[in-house]
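Straight from TrEMBL, the features:
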- 1-76: domain 'Lipoyl-binding' (DOMAIN)
- 145-182: domain 'Peripheral subunit-binding (PSBD)' (DOMAIN)
- 78-151: region 'Disordered' (REGION)
Amino acid sequence: MIEFRLPSLGADMDEAKLTEWQIAPGDTVEKGQVVAEVETTKSAIEVETWHDGTVAELKVEVGETIPVGTVMATFYEPGETPSTVKQPARGDAGAPSSTPPPAAPAEPVLVTARTSPSAGPTAPSVPHTTTVAAPTGPMASNRVRISPAARRRARELGLDPDRLRGTGPGGAITLDDVEQHAKTTAPDSRAREMRRTIAAAMSRSKREIPHYYLAETIPMETASRWLSERNAQHPVEERLLPAVLILKAVAVAARKCPSMNGFWTDDEFTMQADVHVGVAIALRGGGLIAPAIHDVPDKSLDTLQSDLVDLVARTRSGKLRSSEFTDSTITVTNLGDNGVEAVFGAIYPPQVALVGVGTMTQRPWIVDGEIKPIPVVTVSLSADHRASDGRQGAKFLSTIRELLLRPHEL
């Protein structure tokens, strides 16, 4: 039988509140299926299972706050039945594992969404086989009655549904209830909790990681011209953003320069074959998070832009999946929209590199022996000196530059 435990979704995550079950005893589940939603100080997160099976028992009630590693549910493996499962030792069910799952990299960084920092790469915790009792019946639920729209809005405003008074049928909380409460109530401690979370993650990063920093100003005249010509042939909704070109260039460069793509854990650097880029997203209520876009080098620019737009929208509405919190192998933070020319961010452990992107500006540049104004962008690198050195970092930035000079190849 499989124990489904609360995974670690950030290096600074200790616990989470279960807000919704999407399964019930007797349901069949498949690997990758979302089975629950939990809420941390940073965000609401859809949690996936990594095994096929049948739900035996739900061990945690909606509304409970539980530590990382707690058994949330048990699943029968394919072919198992209640009669083939042994009774567990009394008192074991539901207890957190003695060895908690590996922590995901700490805090997140920039773009535009609804959660908070401390997201980053880490393999999701893996449920393991054990023996448990057969289910005794469905779990009682004390969940707050609240409409999906009201729940999303409460999250955006940092409000706890347990503290709201509902005026809907049977006392259900409506969207109007949330809006009225927000008008008459000062923001709760959620924003302060988020800042504390960011502080803990960033302090860990600067304390444990020997950062080094490099930057390169890249001419974007060729890329801008190619982008304009390409976009002129497409409707407005299909026009590419310069940020998508840069995101793709960073990912391809990370594949070519593997010392930038991986994790530092247990005093050792582990390169990753796949490149999953964490996109730093600034939250409306303050704070940052960096969920992942998977397999970026292998995606077309159109697909990548679609994925980016979707990721930002789901981040803002609290619809991220646990794999998007734990899979990032490198992070990009783009402060160009804020007019910043260069940004040198803190690395999200256990990642070993973070790329910063500034605003595109006009600069005098020598072109064919003449000085002319052209658009340029400064791309910076924060890298872990344990995993790479300055020469490797310089090669990485140079590779990004060369790729942006040939945008038609991305």
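Cβ coordinates are placed from backbone N, Cα and C, and glycine is handled just like the others.
Helix first, then strand, then coil: DSSP counts for the domain 'Peripheral subunit-binding (PSBD)' (145-182) stand at 24 helix, 2 strand, 12 coil. Per-residue confidence over the domain 'Peripheral subunit-binding (PSBD)' (145-182) averages 78 (mean pLDDT, predicted model).
Residue counts for the domain 'Lipoyl-binding' (1-76) by DSSP state, with H, G and I taken as helix and E and B as strand, are 0 helix, 39 strand, 37 coil.
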